[in-house]
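These notes concern the structure reproduced below.
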Amino acid sequence: VSNQRFEVIEFDDGSGSVLRIQPLRTPRDEAIYECHASNSAGEITASTRLTVLREDQLPPGFPTIDMGPQLKVVERSRTATMLCAASGNPDPEITWFKDFLPVNTSNNNGRIKQLRSESFGGTPIRGALQIEMSEETDQGKYECVATNSDGTRYSTPANLYVRELREVRRVPPRFSIPPADSEIMPGGNVNITCVAVGSPMPYVKWMLGAEDLTPEDDMPIGRNVLELTDVRQSNNYTCVAMSTLGVIEAVAQITVKALPKAPGIPVVTERTATSITLTWDSGNPEPVSYYIIQHRQKGSEDPYKEIDGIATTRYSVGGLSPYSHYDFRVAAVNSIGQGPSSEVVEARTAEQAPSSPPRQVIGRMLSATTAMIHWDEPEEPNGQVVGYRVYYTSDNTLPVNQWDKQMVRSANFITIQDLTPNKTYYIRVLAFTSVGDGPLSQDLQIIAKTGVPSQPLDFKGEAKSETSILLSWMAPSTQGGPDSQITGYELVYRRIDDTEERKVSFEPTTSYLLKNLKPFSTYTFQLAAKSKNGIGAYTNEVSIDTPQTLFATNFRVKAAMKNSVLLSWEIRDKNPAQPFTILYGKGQSVEVDGKQTQKLITGLDPDTQYSFLLTNRANSAGGLQHRVTAVTAPDILKTKPVIVGKTNADGMVTVQLPTVQTAAKVRGYYVVVVPLKKQRGGKFLNPWNEPDQMNLDELLKEINRTSVSRALRIRRQASQSDPRAYVTAHFKTLPLEFTLGDGRNYGDFRNRPLLGGQEYVFFVLALLDLSENTMYSTSPYSDPVTSSDVDPQPIIDEEEGLLWVVGPVLAVIFIVCIVIAILLFKSKPDRKRAEAEGRKGSFPCSKAMSSHHPTDPVELRRINFQTPGMASHPPVPISELADHIERLKANDNLKFSQEYESVDPGQQFTWENSNLEVNKPKNRYANVIAYDHSRVILSSIEGVPGSDYNNANYIDGYRRQNAYIATQGPLPETFGDFWRMVWEQHTAN
């Protein structure tokens, strides 16, 4: 047989042969074929007719291979089953071929047999071939053939490989998926999965304590799922895996969730002046997540303060007030929530020395040598005040412990005698408890002279502006007769940076406004009262700061849109050194140049309240601040204007305006036209995504300008030639349609024609009457519209000048076209010769460039090495991919399975290197080998046979050959080979 498609295969015993025709051609191969047999005794012939049908000619009952055999690798002496399922009408008979020869199932003592009633994945298998005690002679290419009265169909061939029987590994059982703990609600359901592996595979069962939950005669192998329903009680469930090599266990804790119970009554174990230490019993058999301590002062109506996250049953509550009564209670928390609180326990903190001095220390002279001093209890006594100590001296440069002192136990006043007349005395008082002394009061100054006023009381002040401070006080008591009546006050003050003191005297009063001070400065003040008998003692020094000069004033919301707010302010310093910062939203901020007086804040949400904080950064404390609040406009114009038709020669275009659906009060609607800026290359660009991102300041001025200047505005609009946004119409009620550029006046605005060749977008702006601030809502931009490029007033001189430009340009274009035509004509012979020589080079515009030259190695293999699987499964167009997948998924993914099983390389790749005795131990599995043609070849080690072998193959990538390496996980004996491959192949790159 000379034809490559025809092949005669002889039987091994010489008893016959098979004529194989592949692939079939119609009608070329349709003929009568004769088989001739002869020997010395004579000759005999037999003939048959072969009819070849195309797919579209097949009768309805023609056999179909629903499931063909697939590649299989078995170890010698194991059973191999080659599956085959076929359908047709009538049901076809199935026969098998091995290496193109029919398989004889009658003369092998039943070792090879054809199964008649098996099933696989729900598909009936009536012709599976089963080979028991497989031998190396069983290795080969198998085909399933289905035949009925309508015809015969061959399956895609599948290889069966028989490997040497390797020693079975024996591995003790281990859990690959141990059971997991779970928490469930009372009455809930849960499934616990337990998976164990080993060799041999272990049996798996569940136990609850000593009770078996899995029947002994129904223990699954490898995997067991325990299904629990209506669980009311927490338990530990044990998964047991057992094989001949051992028994292992794993425990899953199933916890039923419930709110924790109330802990026991807290017990006070320690107390200090500022803390109480509590202990308590958990009161819960189940573990809790943490505890919460609640406390408040006894008798208070305020809510309890809480301390959470307490992990133990002992805790010290700090931050309490000394010598105070508190109520405490404890609650437990678990994953469900917080349980009820315990009963309340009352506790009092310990005493402490007073933390504040006596209040309202005042004094007056009873005589020239006797003074009475009076005070009130400290604001924070921190316990029971046992007494007071009064220190006094006429020399305040001495330390306090060298002053004279007297003690008072049960009163809040004292009389000091034997003072030196006309001297100034300094008096300080402290309170003490059984724990210790409190702080001393400030100096009280008193002059040992009758008729002289004592110190003014509660002397204080506050800045009223950058240059003024308001001082206030309480007048001292006057109990010395008419001569001791206050006739005025004397104020002594100085700037802290100066040494010069200044004095001011004024009539009796209880406040005084001091002006003409320096901004951003600190001043000290002392005040004394005067009478006819002289001036009294000065108060202690009081320090007061004047504020910094305001950096900005009149911070306000100029306009609010749906996605932006325009803020404005006034600045005093025309050359400020520091920029401003505006804080808003959730921690958002924007920096503004110090010379600007307004800022548009964008990216806001519609109908949302925002607070804006304007601050400078003049000092470390963050500078001065101004705050305003604004609400963005609601989104009442959700759709964009739609262009109806094209612009005409007069620069007019009709647009359909958006519909408005709102109950809000709208003062008016404005149609705004935005000319787009022309870029290099002639394209137009809109720098904003939405109208709210525009700085609409000039536009707002245009809208808010009074109607008195209507004529002036119309003249200015007519004279504008720069591409700036402008208002073209104003409506009280928005019409359905509007013609842009008709030249008429709408409201106080002229609807001027659109300029020829200019591109525009436009939008509708609604003025709302919803707040004290100006509020606008904008529609989205319309699609761009270009006015007809026609000059309404053509000029003859310009046209004549244009001819001098257009003429030469047309001449140059004509010459270039002639040159290109010559090149195209001359390139034809070259192009034909290039195609004959298999080259791709050509003139860029030639047809050769349009031909497809694939470079992807996978695509090249599909073209050059077509297999039956590739032919029966051609590429799927993207547009049909979804439908194709649905067809494959039908009938429980049947066609997916068939397509997978039809994968066959169609070539007999060898793996001789994998089968070498020196390399067999390097293969982890018998059926995972490295093909010789694509295996990764290592550098050989001298004197070590097989050192160039590692179980690894190259894989092609997209338009890249040998892009990847597929390899087995390294064995202990191949660990070095694995890393040699990593370094030699430069896998890091």
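Here the Cβ of each residue, glycine as well, is placed from N, Cα and C on the backbone.
Unlike curated records, TrEMBL annotations are generated automatically.
What TrEMBL lists as domain 'Ig-like' is 63-161 (among others).
According to TrEMBL, the feature domain 'Ig-like' maps to 173-255 (among others). Taken together, the residues in the domain 'Ig-like' (173-255) have a mean pLDDT of 91 on the 0 to 100 scale.
The domain 'Fibronectin type-III' annotation in TrEMBL covers 262-352 (among others).
For 357-453 (among others), the entry in TrEMBL reads domain 'Fibronectin type-III'. Broken down by DSSP into helix, strand and coil, the domain 'Fibronectin type-III' (357-453) contains 3 helix, 43 strand, 51 coil.
Residues annotated as domain 'Fibronectin type-III' in TrEMBL: 455-549 (among others).
Residues or ranges marked as domain 'Fibronectin type-III' in TrEMBL: 551-636 (among others).
If you look up TrEMBL, you'll see 896-989 marked as domain 'Tyrosine-protein phosphatase'.
Annotation source TrEMBL lists region 'Disordered' at 836-855.
Marked as transmembrane segment by TrEMBL: 802-825.
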Dominant neighbour of the domain 'Fibronectin type-III' (262-352) in 63-161, 173-255, 455-549, 896-989, by Cβ pairs under 8 Å:
173-255
For the domain 'Ig-like' (173-255), give the DSSP counts of helix residues, strand residues and coil residues.
3 helix, 57 strand, 23 coil
